[in-house]
Amino acid sequence: MAVPSELKYSKEHEWVKVEGNTVTIGITEYAQGELGDIVFVELPEVDDEINEGDTFGSVESVKTVSELYAPVSGKVLESNEELEDSPEFVNESPYEKAWMVKVELSDESQLEELMSAEQYSEMIGE
């Protein structure tokens, strides 16, 4: 199972790609595998504020609906609108095509609370 080393991870199975003061957030390959076939994705609007630990959207699979939890706080710069028409990208390409949101960080220290790829791999038993 892929756990890219350049990303950071949350206990709720979100990944975070850091690029300066902007982060890209998505869900991990492990999470999409647990959910099964994704049929719907709900994401926040551009300029919405998200807060660490709060829900910022949801993914619906044939099995269940799962909330998305913000691993960091900040302002949404971009939402991946392609996922509205192609939610299957979450299953097919969780780290590339299926990024969820791009966020301007409001508190960079929150990144220190996220896990490394090695720590995340241990958590999921890989």
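Including glycine, each Cβ sits where the backbone N, Cα and C put it.
Annotation source Swiss-Prot lists domain 'Lipoyl-binding' at 22-104, citing sequence analysis. Feature annotation from Swiss-Prot assigns N6-lipoyllysine to Lys63.
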Could you tally the C-beta atoms, other than its own, that fall within 10 angstroms of the C-beta of Lys63 (N6-lipoyllysine)?
12
Per-residue pLDDT averaged over the domain 'Lipoyl-binding' (22-104) comes to what?
97
